[in-house]
C-alpha cells in the first residue's frame, strides 16, 4: 500500500484522538435552555415517567411491576432511596435482599428504562420520618434538614456510602440515571436554609461529578419555590390533576424562565389516613391533566403508577391540626394496584401516552393470580405482659420518670412502661398525661387487666381504682413518625409524666420490645403457649397455621371482629390492621412470603381485644373503604 504522507497521518491521528475523547461524553443528558427541552446525546428529549418504590415492593415482584410500567408506554421510572431503610443504626448499612438498590437499578436498565433518582436525604414519600433515620433524634436538640453540624455530619457520612454506589449507574458513565433530585419539596419546610441546600449541592457534585443533571421539586406556591430552589439546581414543580396546567407551569417559569417544563410529581391518586374514607381520583381526570401537560411538551413523572407495602412496613404520618397516621396499604388508588394489577386508570394513561409516542409491542401482562384461602382459626398464645422475657431479652431500663423511645434507642414498634401504684385508690381517680405527650397510643393495664387506651391528640385520661403496690403497665405504640412539614422531629413514647390526679408517677421500668426479631426467629411457633392466657381484652399474641394448595398465590387477609394490631406470616411483618377505625380492612399478603405445599405460620398481636372466636378470613380481593363513620361504603 502507498505510504501515507505525514500531514494525512497527523490528521488521522487527530481524528482518532478526538473520537476517543468524544466517546465517554457521547452519552450525555443536559438542559437545552435555548429550545426549552432536555438533550439526550445531543437530541431533544422529554420523558414520561412513573414512580416505583423498591422498598415497598417485594423483590420477587420487581420485574412484574416494572414490566407492566414498561408496557404502559413509560420511558422512565422515578426511584426514591429511603435513608432509614439502609442505615437503621448509625454506621450499620444494609443493601441486601429487598434493599439491594443496585440490583433494582440493573433491572430497570435491563427493561430499557431511564431513571430519575431521588436519594434525599429527605424524601417524604409518606414514609416514616420522610426517610430520615429515627436515630438522628438520639441527639434531642438536632435541627433536621438544616445546616446544623450534627445533622450535616450524619448526612455526609450517608452520602459518602450511597452516592459512590450510584455513580457508575449515571447515564454519562454508561448507566441509566439521567437526573438526580436534591432534597425534596424543601420549600415547604419552615427552615428555608440556603446554606443547607448549598452544602448538599457541593456534596452531590463532589461525589457524582459535574456532568449529572441535579434538580429540585417544589409545589407551585411562590414562597415554596423561593425557599426550595437554588442556583445550580434545576427547579421543577409538582401538582395534581385538579390544577390549571398553564398556571402551574407559569409558576415554574418564574424561577426557571428557560429550560424544559417538568412536573416531577403528578398525583394519580392519594394516600389514606386511618379513620378517613379511602381516597380516589378519577381516571378521566388524571388522563386529561396528563394530556394537557404532554401537549405543552412537558416532561412528567406520575406519582405513583405502582406502590405497595413493604415487608417491614414503615408508613409515616401527617400533622394537620392533629396527628394523622397513614394506613399500612399504600395502594394510593394508583394506576397499578397494591397487588400490581393494571387498572382502568393505567389503560387511560396508556391511551394518552400512545398519542405522543409509540407503545411497546405486545399485550399488558395480566393481573397476578389471587387465591381466597378462606377461614383460618387462631388460638391465643399469651398475653404480651407474660412474655416480656422473650420480647426484651436485655431486660428493662430503670428511670425515676418515663424516657422517650429515642432516649432508650428504640426506633420503632413498642415499649412497655411499668410502675406500681404508690397508694390505695378506693375511689376512681384520673390517670393521664398532658396533651401531645402520649406518642402515639398507650394501652393501659392494672394488675395485668386491660383498662383502656390513651391516644395522641384524642383521649388522654382514664378513670382507675386500685391498691398500693398494684402493677401499672402502659404499652406504648409508635404509629409512624410524621413525614412532612415542621413536626418531623417526632419523638415517640411517653414525652412527659403520667400522673394520678396530677401527682406524677415515678420509679419506672421500661422494656423496649424486639417483637420483629423474635418472630423472625420463629417465635412463638417454636414455644409453649402460656397456660394463664384466658380472656380476650388487652395486648396478646394469637397463632395459627394454614396450607397453600401446592402453589403460593397472592391473597388478602381480613380481621372480622378484631380491633387493632399487627400481622406476621412466616416471620414477615405485613403491617397494621385497625378494623374498628378503617378505611383499610384487609392486608395484602404477597405470594412470595408464603410456603407452597406446607404449613404457613400466622402470628397476630391484637392490642385491644380479639373476637370470642378468633378467625382470619383470606380473600382474593382487597377491602379498602369501610370505616366506623363510612360503614355503608364497603368498596371492593
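Keep in mind that glycine also has a Cβ here, set from the backbone N, Cα and C atoms.
Database features (TrEMBL):
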- 185: active site, proton donor (ACT_SITE)
- 265: active site, nucleophile (ACT_SITE)
- 38-355: domain 'Glycoside hydrolase 35 catalytic' (DOMAIN)
- 402-513: domain 'Beta-galactosidase 1-like first all-beta' (DOMAIN)
- 539-597: domain 'Beta-galactosidase galactose-binding' (DOMAIN)
- 1-22: signal peptide (SIGNAL)
Between the C-alpha atoms of residue 265 (active site, nucleophile) and the residue listed as 'active site, proton donor', the distance in angstrom, to the nearest integer, is 10
Note: in the chain of residue 185 (active site, proton donor), residues six or more apart in sequence with C-beta under 8 angstroms of its C-beta are 124, 217, 218, 219, 224, 228, 238, 484
Neighbouring CB atoms within 10 angstroms of the CB of residue 265 (active site, nucleophile), all protein chains considered, total 24
Taking DSSP helix as H, G and I and strand as E and B, the domain 'Beta-galactosidase 1-like first all-beta' (402-513) has 3 helix, 56 strand, 53 coil
Using DSSP three-state counts, the residues of the domain 'Beta-galactosidase galactose-binding' (539-597) come to 3 helix, 27 strand, 29 coil
